[in-house]
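> Here it is, the structure in full.
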2 protein chains.
Amino acid sequence: MSAYHPLNETEAIEIASKLDGVFEPGAQLACREIGDGNLNLVFHIADPAAGRSIILKQALPYAKVVGESWPLTLDRARIESEALILEGKLAPGLVPAVYLYDAELALTVMEDLSDHVIMRQGLMKGIRYPLFAGHISTFLARTLFFTSDLGHNQQDKKLLARSFTNPELCKITEDLIFDDPYRDADTNSFDEAIRDEAQALWSDGELHLEVALLREKFLTHAQALLHGDLHTGSIFITPESTKVIDPEFAYYGPMGFDIGAVLANLLLNYASREGWDKSDAERERYRDYLLETVADIWTQFEEKFLALWNEHGVDRLANAAPGYKEAYMRRLLQDTVGFAGCKMVRRVVGLAHVADIDKLEDASARERAQRLALRIGKSLIKLNRGAASIHQVIAAVQSASSAAKA
Amino acid sequence: MSAYHPLNETEAIEIASKLDGVFEPGAQLACREIGDGNLNLVFHIADPAAGRSIILKQALPYAKVVGESWPLTLDRARIESEALILEGKLAPGLVPAVYLYDAELALTVMEDLSDHVIMRQGLMKGIRYPLFAGHISTFLARTLFFTSDLGHNQQDKKLLARSFTNPELCKITEDLIFDDPYRDADTNSFDEAIRDEAQALWSDGELHLEVALLREKFLTHAQALLHGDLHTGSIFITPESTKVIDPEFAYYGPMGFDIGAVLANLLLNYASREGWDKSDAERERYRDYLLETVADIWTQFEEKFLALWNEHGVDRLANAAPGYKEAYMRRLLQDTVGFAGCKMVRRVVGLAHVADIDKLEDASARERAQRLALRIGKSLIKLNRGAASIHQVIAAVQSASSAAKA
């Protein structure tokens with residue numbers, strides 16, 4: 001079973017039964033393949049008698065997107081597994097534990113999180129996660145700081161960056177986030193009702209300049225090891241626990257890209273409230289909760305990142321130069337704001353949407369949500385280089401929201 | 001002869017005699033080791049009868065700096081050889097031709113440039129090189145543009161950046177240029193006469209902030225494949241020909257670092273004119289020549305870089321976004337100015353100096369040259385983020401020069 005081939009359930013059980021210290025010897029294991037078959041096989045393997053289970057995830061050598069398949073190297077399984085292991089060391093308890101990685105079979109065996117839900121689903125139901133801002137800000141502060149030149153040996157960081165070279169997955173981001181939405185691309189996908197909005201994106205020169213500058217940062221700024229795809233579909237959650245999953249897009253890039261991804265997905269949910277079948281008051285309260293979470297995440301991130309820097313900073317000059325930390329954090333906020341905006345825009349007119357908005361059944365509510373998401377996204381992109389505090393972001397969202405109502 | 005060992009002259013001749021199409025079969029080859037023994041063995045191998053010769057350069061597994069040796073991996077020979085070959089493709093005629101690279105022996109066989117002189121030596125004698133600005137601006141524009149995300153396939157660029165991961169040599173730059181001169185470091189070396197200047201560097205917070213920002217760019221901005229050590233000692237020259245050599249510091253970094261290195265070394269020579277035994281008028285004329293060369297290099301670089309971009313730009317959004325090219329070139333100038341300043345400062349107070357100034361025999365002239373070089377360097381560092389044209393650089397040099405006289 002050494003050469004690569006897609007596993008069947010019997011083989012998956014055989015691998016699981018050999019793991020050290022996971023299942024009892026002789027346990028009767030049950031296995032189901034629960035993946036969507038697009039990129040990976042996902043086996044859920046359980047010992048129901050003992051109440052123990054694990055996930056075995058195997059990369060497939062192609063991706064099914066819009067019907068057609070395109071080839072993807074299995075190296076992404078290595079990147080995902082190595083990123084998970086590193087994130088687990090840096091941010092204990094905030095990613096699933098990894099029990100085994102087999103390079104040849106491109107498989108990773110990890111903690112089963114079936115007791116968690118995908119955060120996007122939870123948000124869509126209007127659930128609140130009061131611990132989330134604390135958890136995700138810790139995850140972001142620790143993974144970004146300790147893989148950056150501020151908190152990691154600067155020679156070893158170069159070797160880390162080398163091992164996380166990830167051209168294939170970066171290409172997806174470069175095209176789908178930083179190019180296609182701003183031209184009449186075949187890959188774009190949007191409701192005919194908002195064609196005017198899509199066309200406006202294609203001819204907005206001011207927006208193109210800002211997106212080009214953000215794209216350049218994505219292409220060239222090797223600041224820290226990013227998760228690279230940190231939307232609310234990459235987060236398993238309960239009211240008590242947060243687990244970040246699926247870092248197959250991991251690479252060395254600009255920190256603000258990860259932070260912005262989290263904020264953007266909260267704001268996409270904010271926009272999706274246009275279609276909520278609850279009272280206006282309840283909608284506003286949930287929106288307030290989302291905005292408070294956005295502000296909390298940034299504020300706590302900044303506080304934790306600076307605390308790590310003060311305690312563990314390895315760059316003498318960066319530690320000591322007057323005004324450097326302030327300038328660094330301001331640029332980080334600006335990047336976060338710009339990337340958040342890009343992430344919102346692409347989820348409305350680009351190839352891959354979010355269920356928060358797409359699943360709204362009422363066409364008029366969906367259209368309102370889409371227009372609001374674009375309005376917020378564009379205003380964040382245009383704000384980015386001028387942003388000086390997270391309150392400006394909140395104000396921009398509220399102002400877009402009021403303008404949409406007018 | 002497969003395993004690594006330092007070659008002797010007999011072995012060097014044996015390798016040379018086997019090269020295809022370089023020497024005639026049976027030619028009587030003469031060989032001399034002409035290196036300084038610090039980092040590399042350098043064999044000059046000639047067929048005097050036919051008037052043909054080549055250079056065989058072999059890396060040594062250590063570096064002698066300040067008496068003591070420190071280990072260096074032989075991988076730098078691979079990086080140097082691969083960089084030379086790539087630069088030769090991108091900027092034909094502006095680097096020595098490479099005839100052979102042997103990874104195991106860490107050796108590169110290349111064109112002999114004995115008919116050229118090291119540019120620093122030529123400048124020290126007051127020679128003018130009217131074609132230099134044209135040559136070096138072509139070298140810079142073509143090597144930087146075609147290895148960047150603007151002119152190179154963006155997925156392949158990531159693989160190139162990976163293969164030029166160069167932590168050891170980058171560490172030397174990070175310490176000696178971007179840290180030690182700004183603290184009381186053991187590695188620093190300066191004439192006691194200018195201790196006041198050195199101490200002023202250690203406590204200048206405004207300067208530290210700018211250097212920290214430039215250091216960050218050196219650490220994180222993977223814009224293009226740099227030469228990485230492009231001073232006038234890395235350039236072989238005649239009035240008709242320019243050849244860039246020794247790219248062992250090559251890595252993916254900020255373009256301005258290479259451009260700034262060239263300008264800084266011209267300006268160090270400018271400062272060294274304090275000790276020239278010629279008339280005041282002749283000194284001013286040579287200084288004017290140097291300043292014109294500085295302005296020419298930038299102006300021609302910008303023109304050539306933009307022409308390449310217009311013809312060969314691969315990034316749709318960067319090509320099309322209104323104002324992006326202008327913003328890009330302005331930031332590139334700013335980086336160039338800042339890095340030029342850092343390169344000047346370190347050559348006066350840091351570990352490695354330049355002969356232009358160090359070889360001035362008159363102590364008072366040397367001191368004046370050192371103070372002027374520092375004054376120019378610091379003013380460029382403080383100008384960098386505000387620079388909008390190369391004329392500001394020229395004006396800053398002239399103003400530092402007048403202030404030094406006052």
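Glycine too: its Cβ is placed from the backbone N, Cα and C atoms.
Automatic, uncurated: that is what TrEMBL annotation is.
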> Pick the one from B:Lys57, B:Lys125 that TrEMBL also lists for the ATP site with B:Asn40, B:Glu111, B:Asp112, B:Leu113, B:Asp246, B:Pro247, B:Glu248.
B:Lys57
> If you skip the near sequence neighbours and keep only those at least six away, which residues in the chain come within under 8 angstroms of B:Asp112 (ATP binding site), Cβ to Cβ?
B:His44, B:Ala46, B:Ser53, B:Ile54, B:Ile55
> Per DSSP, B:Arg346 (substrate binding site) is which: helix, strand or coil?
helix
> Tell me the Cβ neighbour count for B:Leu113 (ATP binding site), meaning other Cβ atoms within 10 Å of its Cβ, over all protein chains shown.
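Result for B:Leu113 (ATP binding site): 18 other Cβ atoms within 10 Å.
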> In Å, rounded, how far does the Cα of B:Glu111 (ATP binding site) sit from the Cα of B:Asp229 (substrate binding site)?
20
> Restricting to the record's ATP-binding residues (B:Asn40, B:Lys57, B:Glu111, B:Asp112, B:Leu113, B:Asp246, B:Pro247, B:Glu248), give me the longest CA-CA distance in Å as a whole number.
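Output for ATP binders B:Asn40, B:Lys57, B:Glu111, B:Asp112, B:Leu113, B:Asp246, B:Pro247, B:Glu248: max Cα distance 18 Å.
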> So what sits near B:Lys57 (ATP binding site) in its own chain, CB-to-CB under 8 Å and at least six residues off in sequence?
B:Gly35, B:Asn40, B:Leu41, B:Val42, B:Phe43, B:Leu107, B:Thr108, B:Val109, B:Met110
> Using a 10 Å radius around each Cβ and counting other Cβ atoms from all shown chains, which of the binding-site residues B:Glu111, B:Asp246 yields the largest count?
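Selected residue: B:Asp246.
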